[in-house]
Amino acid sequence: MVYNTDASEAWTTSSMKAQEFNDGRRAHTTKLAVTAMSAMAAETATFPVDLIKTRLQLHGESHVSSRRTSAVRVVAEILRNDGVLGLYKGLSPAIIRHMCYTPIRIVNYEFLRNFLVPADHTLSLSSKAIIGGISGVIAQVVASPADLVKVRMQADSRMASQGLQPRYCGPFDAFNKIIQTEGVRGLWKGVLPNVQRAFLVNMGELACYDHAKRFVINNNIANDNIYAHTLSSIMSGLSATTLSCPADVIKTRMMNQAADKQGNCKYRNSYNCLVKTVRVEGLKALWKGFFPTWARLGPWQFVFWVSYEKFRQIAGLSSF
């Protein structure tokens, strides 16, 4: 009789653990899904600004045109040569990238944050920054090939406007040509500055959003609603842009360069790119595209965080 009772208790405990495991797995899968959906919405809404930012960062790298440019001139040039659809050239690889990048970094950050502290305690801002940076690095390594294709397709439309032949017909053609000419390792070209940027962006974005949101709520500035999410996203967008813009410029130029017929590249590594950029264009060149970057990160984070928090609520998950 005792044996049967013990066996029953063991079975009950095992059943409860299995249920907890299944519930945790479902919650994890749900978080990945709602993060991907929110990222797709945010990327689609703000992609034209990202295209403008990339064009501005590449300006000055080519000697085809030495005329000063601006966001307005870039938009006018795109509309004149490619029409409205030209503002979305490179959207497909951008969506593919965020299907991998954003779910990994967001879910990893939340997991590490909750793993390191009990539910009734909070991490310091510096600890959140480190966790955010690590989560961003992991996600960026996985998503780097799609990011490379996105940057090159955005640069292709600029080449076409200068009367040059575009390198790629589409994202799959870009993947194939890069592998054929540069090898599989070529898909990770620029991964070092890419990872550096991802660390800085997520250090500023995730940590600042998380910390700012709790500051706003704890100080009764707003409840856990769209107002708190909006204020937090603005602050996190500004900090992420300030920290990441130099690395973003270097990353964009490293990823855009393709080997010539002799297999030579313009930049040997990210440090060489940094030195050449500052030497030729000055220190201010490292913040080229700052305002378009901020103009994109602000709306991107607004769309992402508001939709993400709403999707979590609909799915029965707690607030981020």
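Here the Cβ of each residue, glycine as well, is placed from N, Cα and C on the backbone.
Across the residues of the repeat 'Solcar' (30-115), the predicted structure has a mean pLDDT of 82. Annotation comment: TrEMBL describes 30-115 (among others) as repeat 'Solcar'.
The repeat 'Solcar' annotation in TrEMBL covers 123-215 (among others). Across the range of the repeat 'Solcar' (123-215), the DSSP-based residue counts are 79 helix, 0 strand, 14 coil.
Summarising the annotation, TrEMBL assigns repeat 'Solcar' to 224-314 (among others).
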